[in-house]
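A.B. asks: First, the structure itself, so that you have it in front of you.
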Amino acid sequence: MASINPANHGLRLAVRYAVLSIIAVVFLFPLVFMIMSSFKPDLQLLQDTGSLRAFLPVGDLSFENYREAFERAPVWTFVKNSIIVTGLTVALSLFFCSLAAFSFAFLNWHGRDTVLAVILATLIVPFETIAIPLLLLVSKLPWLGMDGIEWGWLNTYRVQIIPWVADGLTIFLFVQYFKDLPHELVEAARVEGASWWQIYSRVVMPLAGPVLATAAILKFLVMYNQYLWPLIVVQEESYRPVMVGLQYFFQLNTAWGEVMAYLTLITVPVLIFYLALQRAFIASIASTGVKG
Amino acid sequence: MATVKLTDVRKSYGSVEVIRGVNIDIEDGEFVVFVGPSGCGKSTLLRMISGLEDITAGTIEIDGRVVNDLPPKERGIAMVFQTYAIFPHMTVRENVAFGLTINRTPRAEKERKVQEAARILQMEHLLDRRPSQLSGGQRQRVAIGRAIVRDPKVFLFDEPLSNLDAALRMDMRMEIGKLHQKLAATMIYVTHDQVEAMTLADKIVVLKDGKVMQVGAPMELYHEPANLFVAGFLGAPSMNFIEVVVESVRGGEARVSNEALDPIVVSTRGRPFADGDHAILGVRPQYLRPVEDAAGKLHGIISLTERLGSETIVEVALKDGKPLIAALSEDRVYATGTRIGFDFDVGKAQLFPREA
Ligand SMILES: Nc1ncnc2c1ncn2[C@@H]1O[C@H](COP(=O)(O)OP(=O)(O)OP(=O)(O)O)[C@@H](O)[C@H]1O
Ligand SMILES: [Mg+2]
């Protein structure tokens with residue numbers, strides 16, 4: 001690098017931007033298509049799909065699809081349900097999985113490595129294989145409610161939340177991250193008189209920002225996209241999440257404009273959540289090498 | 001302030017025994033340094049005293065109380081780590097106060113102690129900084145501050161200076177020395193740097209392969225090493241070991257010689273030797289005086305001269321081909337290839353049995 005040739009340098013920059021732009025466009029096109037289509041009547045929408053017009057705000061634009069989507073389905077109820085289920089699951093999962101991982105990473109107990117191996121082994125079990133046994137289980141479980149013990153968890157929020165709180169992947173992410181933290185920090189805290197809980201809450205978790213962001217986003221995506229499980233455990237509309245709500249738009253004849261309007265609406269919380277965590281997420285990808 | 005007593009302390013990892021029966025008595029207020037080569041078990045021993053590592057056998061007493069089964073926080077110790085181990089998400093003040101916050105010390109008292117520690121360590125101006133904004137030396141000060149505020153009975157240091165550069169290491173070494181004078185607390189300090197050991201210690205414990213080689217005051221170990229290992233480990237350049245043959249032993253004295261060494265009589269210091277034994281004569285490079293070739297006890301040819309300013313290191317090939325190092329106090333150039341003779345004070349030479 002004796003001397004940088006400005007022309008050459010400019011060219012390289014141009015190529016780099018061109019490549020990045022293509023990648024960005026590839027990822028953005030479906031989103032743009034969805035949003036543009038949500039403002040178009042069905043007939044025009046279908047005609048436009050053959051051309052670039054599909055990505056442009058042209059023709060007969062209106063909020064008609066949105067109005068009809070709200071008429072067809074209780075959109076806000078579904079969004080609210082998904083936010084409640086996803087939010088609580090993410091929060092509980094971060095807490096319990098990090099606690100479990102803390103124990104695997106820092107405490108010495110008999111059989112620790114075996115238990116961890118078993119937990120990691122659950123990663124290869126697809127959910128579909130346990131869905132039915134799990135359904136039978138939760139349909140009989142007790143719950144201490146306002147008026148004493150009730151039996152069966154179907155048609156509730158808890159049936160959508162509790163089975164998803166603990167999972168091998170989240171525990172694994174935390175264990176890996178904790179093992180990479182300098183061990184002396186924990187030892188110094190022990191010598192200083194901190195209890196294990198204090199070490200967890202005051203030393204380890206404040207340093208776990210990146211892994212918290214990674215785990216939160218992965219969990220968020222899983223939970224927000226839940227379909228099979230809520231489909232079989234929730235029959236009441238008032239507890240249905242957004243993905244199950246999509247069914248309302250695929251009956252007899254599909255109104256594609258409304259589908260696009262509905263999809264646009266339910267994407268908004270994802271974008272808000274993602275933007276909020278974006279910086280932490282990028283930092284965490286850079287530092288853990290985990291890709292979402 | 002407290003005494004520390006280790007009785008037949010052992011530690012095994014699986015089937016590997018890394019601490020093999022250690023006995024050490026540490027008096028109240030003493031500054032004890034554990035030295036030894038890498039992997040000899042210094043850190044393990046210190047961590048066993050701290051309670052971070054449990055002990056396989058033996059007893060550890062602090063202040064007359066057996067602490068084998070006590071967790072670290074109940075042992076009244078504070079520890080300073082090689083990697084500082086200060087909490088990156090806390091300010092210096094929060095770091096120093098960590099132990100006090102944990103045990104719910106009242107705010108005013110906490111602040112007073114933090115200020116006091118900061119004053120002793122001259123870091124009042126750093127209290128609101130974050131660790132990432134500190135130099136290595138400043139970070140180590142924070143770690144020491146965190147130890148001071150809790151008034152521990154025993155301070156434990158595990159190579160606290162080895163991540164610092166040479167100049168800073170010397171400064172901090174002196175500060176730790178002063179700190180010990182000021183606090184008069186019992187301190188146990190692990191290092192593999194013999195200068196730190198010699199300058200700081202009231203008592204040095206030399207370890208090798210999980211065993212104590214010798215315990216004593218620095219000068220005692222320097223002048224009267226108990227064995228070849230200690231003799232070779234302390235002192236720089238290290239002691240010359242000359243293979244000799246014992247010609248005769250009489251009344252605590254042995255007459256020894258070899259090809260390059262005219263017969264001399266040295267004290268056996270109670271070690272058993274028999275006529276005809278092969279033995280090792282230890283002579284520190286500093287004790288050698290250059291003399292006319294014919295007059296000296298040792299004769300050889302100069303192969304290398306290093307002038308350090310304060311002293312001159314001369315490497316000589318003895319008549320039997322073995323190298324000899326001399327540290328001469330005068331700054332003088334010796335031409336490579338010239339013959340030279342050395343004289344030394346026989347009383348300061350050590351005779352060791354050759355290790356089996
Ligand atoms: N957790 C462990 N499991 C197995 N062996 C260990 C463990 N910790 C230490 N050892 C072994 O114990 C021996 C002593 O280790 P230790 O860390 O005490 O050495 P040290 O004297 O502090 O060395 P250094 O000067 O390099 O720090 C070494 O041989 C090391 O390999
Ligand atoms: Mg060590």
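Just so it is clear, glycine is given a Cβ too, placed from its N, Cα and C backbone atoms.
Where the annotation comes from TrEMBL, it is an automatic prediction and has not been curated.
Here TrEMBL flags A:17-36, A:83-107, A:114-137, A:157-178, A:199-222, A:259-277 as transmembrane segment. Positions annotated as domain 'ABC transmembrane type-1' by TrEMBL: A:79-277.
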A.B. asks: Find the member of A:17-36, A:83-107, A:157-178, A:199-222, A:259-277 that has more C-beta pairs under 8 Å to the transmembrane segment (A:114-137) than any other listed stretch.
C.D. replies: A:157-178
A.B. asks: Who are the long-range neighbours of the transmembrane segment (A:157-178) in its own chain, taking Cβ under 8 Å and residues 6 or more past its ends?
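C.D. replies: Hits for the transmembrane segment (A:157-178): 81, 84-85, 88-89, 92-94, 96-98, 100-102, 104-106, 116, 119-123, 134, 138, 143, 204, 208, 210-211, 214-215, 218-219, 222-223, 226, 229-230, 233-234, 239, 241, 288, 290.
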A.B. asks: In terms of Cβ proximity under 8 Å, which residues at least six beyond the ends of the transmembrane segment (A:259-277) contact it?
C.D. replies: 31, 34-35, 37-38, 45, 65-66, 68-69, 73, 75, 78-79, 82-83, 213, 216-217, 220, 224, 242, 245-246, 249-250
